[in-house]
Amino acid sequence: MTQLDLIRNFSIVAHIDHGKSTLADRLIQLTGTVAERDMKAQILDSMEIERERGITIKANTVRIEYPAKDGKTYVLNLIDTPGHVDFAYEVSRSMRAVEGSLLVVDASQGVEAQTLANVYQALDAGHEIVPVLNKIDLPAAEPDRVRTQIEDVIGLDASDAVLISAKSGLGIPDVLEAIVTRLPPPKGNREAPLKAMLVDSWYDAYLGVVVMIRVMDGVIRKGDRVKMMQTGAVYGIDRLAVLKPQMVDIAELGPGEIGVLTASIKQVRDTRVGDTITHEKKGCEAPLPGFKPAQPVVFCGLFPVDANDFEGLREAIEKLALNDASFTYEMETSAALGFGFRCGFLGLLHLEVVRDRLEREYDLDLITTAPSVVYQIYMRDGTVQELHNPTDMPDLTLVDHIEEPRIRATIMVPDEYLGDVLKLCQDRRGIQLDLSYAGSRAMVVYDLPLNEVVFDFYDRLKSVTKGYASFDYQITGYREDFLVKMSILVNDEPVDALSMMVHRDRADLRGRAMVEKLKELIPRHMFKIPIQAAIGGRVIARETISAMRKDVTAKCYGGDATRKRKLLDKQKAGKKKMRQFGKVEIPQQAFINALKMDS
């Protein structure tokens with residue numbers, strides 16, 4: 001059991017690539033928490049995809065013991081949080097589990113959009129924040145400019161920011177001293193009833209579900225019977241441990257301490273991030289504030305390229321869902337793509353990560369249908385429906401109005417690209433809320449429909465700014481707009497996988513782009529194929545793939561025109577019949593490319 005004044009709990013806040021995981025590696029290395037031979041880069045990022053993309057997806061923790069200059073040995077608990085907006089709720093829970101943050105900013109790049117979003121979360125959680133300027137050994141580093149930027153944009157005093165290079169290890173001892181001297185110790189009462197926050201949980205093949213907790217009040221011991229306050233489920237604790245980053249067993253955890261427990265829990269869904277854990281008997285009265293279940297925001301269909309892989313996909317998705325409570329799925333059938341799943345995600349990065357993990361860890365080839373968001377449909381009879389899939393759109397005569405989710409987007413961009421960014425946001429039905437400057441960078445705040453962002457907004461933003469813009473968003477709520485369902489018909493047959501919800505003003509443009517793209521992708525057949533984009537019964541765009549034609553008059557010599565006419569009429573009648581009964585083969589690649597549309 002550690003004294004409260006010798007504990008420091010902290011997280012590291014940074015934009016992607018500003019050196020957060022490298023700094024964590026150095027802190028672990030310098031304090032000898034992990035033996036040199038076991039040390040590897042990004043030691044806290046356990047998933048292969050986290051290493052490869054250089055991002056942190058799950059919150060990870062490590063307990064470091066540090067003998068400080070004042071002669072005392074402190075216990076430092078670092079929670080390494082995800083920096084990406086899709087995992088914002090995980091970040092907010094992790095922030096509530098600690099008392100302070102290190103704000104890591106790249107001395108050559110300055111403050112970025114995600115830095116801002118995460119700093120505001122840290123400030124909301126009441127954190128003490130220590131600014132750290134990383135990569136000061138780079139030729140392009142400008143510590144003084146970045147210091148003023150931190151003061152102007154965030155409003156933090158950065159005069160005593162710690163200067164480091166996480167890569168070479170320069171300045172790391174100063175960071176450890178700053179954690180001990182400038183961050184506050186946790187508060188808590190040993191004698192009070194147990195109150196612990198569930199920070200994260202993951203599935204382990206041998207142990208079942210492993211739950212990471214932060215004890216606020218009271219003491220938790222091995223063998224205790226504990227209750228989850230949101231679900232009401234009761235479990236007996238099999239094992240208590242701290243992570244160094246490997247599990248090290250411990251007898252009890254007291255106030256201010258962070259550790260993990262296992263209790264024969266079968267599914268991650270039974271453990272909800274942000275829930276309060278207390279004793280079954282003589283537990284605490286009220287749970288910790290701020291709990292909310294994760295809500296999927298973006299939906300799309302996942303189908304196997306080879307129909308025989310469906311069972312493999314089902315198993316893979318079930319295993320992934322064990323480890324990811326925010327990922328939802330249900331079975332779906334599509335006339336064009338066969339059997340698959342309709343899956344819900346927290347955002348686009350979450351979608352990409354899940355798809356990459358399915359393809360890589362389970363060796364599957366997948367087709368992803370166009371991502372869609374959740375619409376609220378207000379019916380004439382006063383009921384409200386949630387629409388996850390455009391193909392389930394009810395008859396328009398029964399619909400009063402449709403509301404779509406809106407977001408507040410913050411974009412940081414060098415001012416020479418500002419015009420292009422403003423144009424992109426206006427094209428996507430954005431409403432400008434704010435524009436401010438910090439040095440040579442502009443910060444734009446826009447209100448945008450999420451539907452316009454999930455498609456390819458991020459890619460377009462990166463291309464118009466040569467990769468210099470950074471982007472972050474929060475969902476603000478729902479608003480009514482003039483939305484319609486656009487169907488694509490090939491040879492007069494609707495193709496369900498290609499239908500989408502669009503704004504009426506952009507439908508013509510979107511429809512024309514889609515039919516032109518399909519015209520290039522679908523191979524020619526022996527008969528003429530019309531491709532149409534339609535809203536209800538009205539066709540808004542059409543292209544025709546001409547038929548392949550055999551020269552039936554080649555064997556006619558001489559000048560008898562009636563003979564040629566007869567042969568041509570016979571061919572024409574055959575083509576007509578063929579079109580009536582013929583099926584159009586749409587290759588899988590055509591679906592994949594059509595869904596990668598850039599409009």
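Note: Cβ is positioned from N, Cα and C throughout, glycine not excepted.
Long-range Cβ proximity for Gly19 (GTP binding site), meaning a same-chain Cβ under 8 A and a gap of 6 or more residues, is found for Val104, Asp106, Asn134, Lys135, Ala166, Lys167. Sequence annotations record features per position, and here Swiss-Prot assigns GTP binding site to Asp17, His18, Gly19, Lys20, Ser21, Thr22, Asn134, Lys135, Ile136, Asp137.
The domain 'tr-type G' annotation in Swiss-Prot covers 5-187.
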(request) Let me know the most crowded of the binding-site residues, choosing from Ser21, Asn134 and counting other Cβ atoms within 10 Å. (result) Asn134
(request) Measure from the Cβ of Ile136 (GTP binding site) and count the other Cβ atoms within 10 Å, all protein chains considered. (result) 19
(request) Could you tell me which three-state DSSP class Ser21 (GTP binding site) falls into? (result) helix
